[in-house]
Amino acid sequence: MNSAIMQGAAMATSHGIARLNRHNAQRNHFHIPTANRLFYQLQTPCTSTEEERRTVQTDDVAEIGMQRPDYQMYCGEEEISEQFVKLNVGGQRFMLRKDTIRRRGVGRLLDLINKPVADSNADAFFSSTSEFYFERPPSLFHIVYQFYLNGVIHQPSNLCPVDIIEELEYWRIIPDQYLASCCCAQQIDDDDEEVEEQDKPNLFKTLRFGEIRRCVWNIIEEPASSGKAQAFAVCSVVFVLISISGLVLGSLPELQVATKQRNNLTGEEFTEMEPMPILGYIEYVCIVWFTMEYGLKMLVSAERSKTFRQLLNIIDLLAILPFIIEMLLLIFGISTEQLRDLKGAFLVIRILRVLRVIRVLKLGRYSSGLQMFGKTLKASFRQLGMMAMVVMTGVIFFSTLVYFLEKDEPASKFHSIPAACWWCIVTMTTVGYGDLTPVTVPGKLVATGAIACGVLVLALPITIIVDNFMKVAETERPAGGNRYRTSQYPKATKSEQMILKVT
């Protein structure tokens, strides 16, 4: 008897718990499966006040706070057909509320819901499932679907920009007013550069001898524009390599000749050595080519002030600056031999001669790899500045510690904090020349801390720099293809040109 009573109570309790769970599921949509959650949200009855309407939870398809008509607990097929449009795009099913499509007010889908099924612009209509079939790629339709939900057009990085343009044209959506700012803000600078490149022919048209100047400019600045431009670029690279080779070979004792006897600061005589005359002649030939190249570029340029300020042109000027100064001194009757007795002037002359090594940077004009490296450093300028600041702080901190710990030791070489700074830089960069080493136990502990901090400080920005390099490489990779594709869309709008450049 007691067991029967207990069993009945347990059954009653289980039935009560089940009823309570069903009741909670009706009140709280979080217990409803995800697939049915949309229908449950649309089944939420119309609330009476604005305060209650704001608290109605809806998802992306339905706007928050928007008043809904009363729905039954479960929508039937007839109600779904009246409120929704079913799409089958390339075998993948989509569903949108008709109110959402009307709210955007544009596109092929707007015509689809406003016309009868017989007059629809779909490729087919499946009467069994009430689906409109479109023989289009579903991966591209996701962009259109997101546009109807959010009102903006985003571009995934894994899709071809030309395909996106064609897909938007098919769905009769013009991206002028709907392109998301996040998808074009990064490319503003690149777009400005492209506009400038497209406007250069127009700039030359307004100048005297504009056509001739434009042809010469393309030969000098656009190596890929013609065969003459490629030949000119090859000659420039050859002259750069010859000039650098002459500078390097001129330092070999076997290729040097004695000029005259001179006295050093202590009064001792020494024989001054100079490179062989043949190397000097080669240097003059290279200088003539570089000067001709730079002068011709400035002569035919449509915007000389802007051309003068460009980095690569500044490098070209520095490469010929020693020769220009030497020629100016000769014009005024001053030779470099007369300046050798003046300590400061002779130092300036030597510094100007050292500037010849800058010519190796001229190769960056014809090397896409060097250009990518320069853009990577420019993109990583903030991270490099942060690393330099942290390294400088660590150098000052550890060098001061090791100086005061080591300066009183008889065998110590840490005679000053600047000397300790040199040791700290070598240590933190894990180079370790070994010319300065701590001898005390506290000094060695400080050295251990400097090594550990150096590894951490130098390792952290590396990942950021590599990431920036990958981004630069990714943007540079399709640059030529985008330029070609844009030329096939001469009437493309500004937004379409941005889409063509985003990947």
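Think of each number as a place in line: the chain as shown, counted from 1.
Glycine too: its Cβ is placed from the backbone N, Cα and C atoms.
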>> Please state whether Swiss-Prot assigns T271 and S416 to the same topological domain (same side of the membrane).
In response: yes
>> Among the residue ranges 150-154, 210-214, 430-434, I'd like the one that Swiss-Prot describes as intramembrane segment.
In response: 430-434
> According to Swiss-Prot, which of these ranges is region 'S4-S5 linker': 16-31, 96-111, 256-271, 368-383?
Replying inline: 368-383
>> Ranking 232-252, 276-296, 446-466 by the number of C-beta pairs under 8 Å to the transmembrane segment (384-404), which range is first?
In response: 446-466
> Excluding the flanking five residues on each side, which residues at least 6 beyond the ends of the topological domain 'Extracellular' (405-417) place their CB within less than 8 Å of a CB in that stretch?
Replying inline: 399, 423, 435-440, 442-443, 446
> For the topological domain 'Extracellular' (253-275), what is the mean per-residue pLDDT, to the nearest integer?
Replying inline: 75
> What counts of helix, strand and coil residues does DSSP assign across the topological domain 'Extracellular' (405-417)?
Replying inline: 3 helix, 0 strand, 10 coil
> DSSP helix, strand and coil counts for the topological domain 'Cytoplasmic' (297-313)?
Replying inline: 13 helix, 0 strand, 4 coil
